[in-house]
Structure formats: structure tokens, C-alpha cells
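Taken straight from TrEMBL:
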type	residues	note
DOMAIN	101-197	domain 'CAAX prenyl protease 2/Lysostaphin resistance protein A-like'
TRANSMEM	12-29	transmembrane segment
TRANSMEM	35-53	transmembrane segment
TRANSMEM	74-95	transmembrane segment
TRANSMEM	101-122	transmembrane segment
TRANSMEM	134-153	transmembrane segment
TRANSMEM	165-194	transmembrane segment
TRANSMEM	214-235	transmembrane segment
Amino acid sequence: MKILKSNVSKIIIAFLIFPVVLMLVGLVIKKSSVTSIWQGVGDLIVFVLAYLLNRQYFQQKIYWFNQHNLSKQFTTSLPAIIIVAFLNSPVLTVADFQVKFRVIVVCLLVGLAEEYIFRGLLLSLFLELFHKNVYGAVIASSALFGLLHLINLKALSIGYVSSQVLFAMALGIIFGTIYVKTHNLSIVILLHALRDMFPMFSDKMMAEAAHVEFSVLSLYGMGIFLVIALFISYIQLRDFKIED
């Protein structure tokens, strides 16, 4: 069908891979059996499906690694490195901090699946749709990344999820900027995994996070973070052009 060949259709289908697969995985396993391992399995299925669809349908070139201009890649990635380090720093001071191999594997799978779809596929598709408007493509793909977190509404309040959406969108903008400038998906996969895994190295912090209540102040904070991310991206992309 001709409609399925349009970039808009491809964007919709790519976006739906995550919620559809996770919903199906949730139907297969019992709620009481849900663990981080099952989350990793779900993300692995998402990645494999997206990878196969890309070969036959999306047909977007994925830049897994780039060994050229490593110093420029580091400079581009530095704001994200600082932000991730700042966000993770409180975990290093807790008494029960413990590196766990299982957590590392699961978080790498999460980072692989989410970055492959939202930076690798969707960002590239938006670049085609927006005729290589890089800033617009980064924002659009990141907006979808943020909206993906609306699936958490089944378990969390609208206020708390709203903060998650803004936070994810802000990180997505920063990660998208890195990917489009460095052509190195490995960087954003690693940064994504590092951001996710450090809180999971502390059972105490995870237990506290599960009982965190929504506050308007946190929503404002995420809004400010989003503005900062937009500014960082604009500065880095204002003179950047996609080469033909």
C-alpha cells in the first residue's frame, strides 16, 4: 500500500513498536512475575523487531560507531556527560551502593532499544520528513520519546508522569543532538544506560523512588531542564548542516 511508504506512516509504526510489544509482554507474564529481567527481555524483543523492520521497511542507515574526530565527539557529548554525572552523583553516597551485573545488562538493553528506535530510526525519518531541518527533527523525535512515557499512567499519577515526559524529552533532545552530530549511536546508548543503571545500584533509593509523590516544584524543575536542553541543542546545531 502506498500510504505505508510515506514517512508519516513509518514514524507512526516505529513509535508504536514499543508500547505494542510491552503490552504483549505484559499479557504473557503475570503481574507478580514482572522483574527487571522481564523488562530487559521486552526491550530485547523491541530491538530485534525494530532491527528487522528497518532492514525490510524503514530502511534507515544506522551509525553504530564513528572512530573519526573523537575529540569533537567528546566535546559534543560533554554537556550530556556532565548532566548524567550530576544526576547520578547522589547514588554514590548511599550506604548500600552495589554494582550489579544484572542491572548493567538490563539497562544496556533498554538503552539499545530506545536509542535505536528514537535516535536511530525516528530522528532519521523526521530528517527526511522535515527536509533536513536538524533542530526540528531532534525536537520532534524527542517529543515522541517523552510521550512514550505516558504508558506509565496506568500505575502513576498524571502529575508524576508529566514530569517524566518533560524529563525524557529533555534528555532525548540532548541525546539526539549528540547522535546527529557524531554519527555514533554507541555514545547515546551508553549515556542512556548509565543514567538508568546508577539509581538501580541502590535498593534503598529504588524503594524511596517508588514512594515519591508528585510536586508542582518538580514539574517546574523539569520544565526548566527542558528549556536548558533546547538551548544546548540550539547552540550546538545552529551552524550544523546535514551533508548530502
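Every residue, even glycine, has its Cβ placed from backbone N, Cα and C.
Residues 79, 135, 138-139, 157, 159-160, 162-163, 166-167, 169-171, 173-174, 176-177 of the same chain lie 6+ residues outside the transmembrane segment (214-235) yet bring a C-beta within less than 8 angstroms of a C-beta in it.
Listed as Cβ neighbours of the transmembrane segment (101-122) (distance under 8 Å, sequence separation of 6 or more from its ends, same chain) are residues 11, 14-15, 17-18, 36-37, 39-40, 43-44, 46-47, 50-51, 54, 58, 60, 62-63, 141-142, 144-145, 148, 172, 175-176, 179, 185, 188-194, 196-197, 200-201. Packing against the transmembrane segment (12-29) from elsewhere in the chain are residues 4, 38, 41-42, 45-46, 49-50, 53, 57-58, 113-114, 117, 121-122, 125, 144, 148, 151: each is 6 or more residues past its ends and has a CB under 8 Å from a CB in it. Broken down by DSSP into helix, strand and coil, the domain 'CAAX prenyl protease 2/Lysostaphin resistance protein A-like' (101-197) contains 88 helix, 0 strand, 9 coil. A Cβ distance under 8 Å defines the sequence-distant neighbours of the transmembrane segment (35-53), meaning residues of its chain 6+ beyond its ends; these are 13-14, 17-18, 21-22, 25, 29, 102-103, 105-106, 109-110, 112-114, 116-117, 121, 200.
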